[in-house]
Amino acid sequence: GVISAGYAAAPAYAAAPAYAAAAAPIEYDPNPHYSFEYSVSDAHTGDQKAQHETREGDVVQGSYSLVEPDGSVRTVEYTADPHNGFNAVVHRQAGAHPAPAPVAVAKVAAPVAYAAAPAYAAAPAYGYKHL
């Protein structure tokens, strides 16, 4: 005879209802404007840099500067617009003093502990006899 193991078909589930997501309207600004600037002067790392940028419609103007490792200051002035594309002019001014070298941090490796490999007894040898 047939022995039943007590198995049954998997239950059927209904699909979750689908709802249309409400998309937020995308706001288009035909004449965008912004202006930002920042600067960094970190005596500990020697990091010195600055940036300024403005946008009026489709025209972007800005500049950024940084101190090179030799102490000179590199300044890049740039413009971008639909007619001329992106244009940059780089200026370099000799520095009075070289930029401070980053602080060297000594890295000491932790000591490595060595242990002898464990010793094991020899594996038993098996043989056979032919009768």
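Quick reminder: no glycine exception, Cβ is built from N, Cα and C everywhere.
If you look up Swiss-Prot, you'll see 9-12 marked as repeat '1'. Residues or ranges marked as repeat '2' by Swiss-Prot: 15-18. Annotation comment: Swiss-Prot describes 31-101 as domain 'Chitin-binding type R&R', evidence class sequence analysis. What Swiss-Prot records for 109-112 is repeat '3'. Annotated repeat '4' per Swiss-Prot: 116-119, in sequence order. What Swiss-Prot records for 122-125 is repeat '5'.
Across the repeat '1' (9-12), mean pLDDT in this model comes to 77. A Cβ distance under 8 Å defines the sequence-distant neighbours of the repeat '2' (15-18), meaning residues of its chain 6+ beyond its ends; there are none.
Counting residue by residue with DSSP, the repeat '1' (9-12) contains 0 helix, 0 strand, 4 coil. Residues in the repeat '4' (116-119) partition by DSSP class (helix H, G, I; strand E, B; coil) as 0 helix, 0 strand, 4 coil. Counting residue by residue with DSSP, the repeat '3' (109-112) contains 0 helix, 0 strand, 4 coil.
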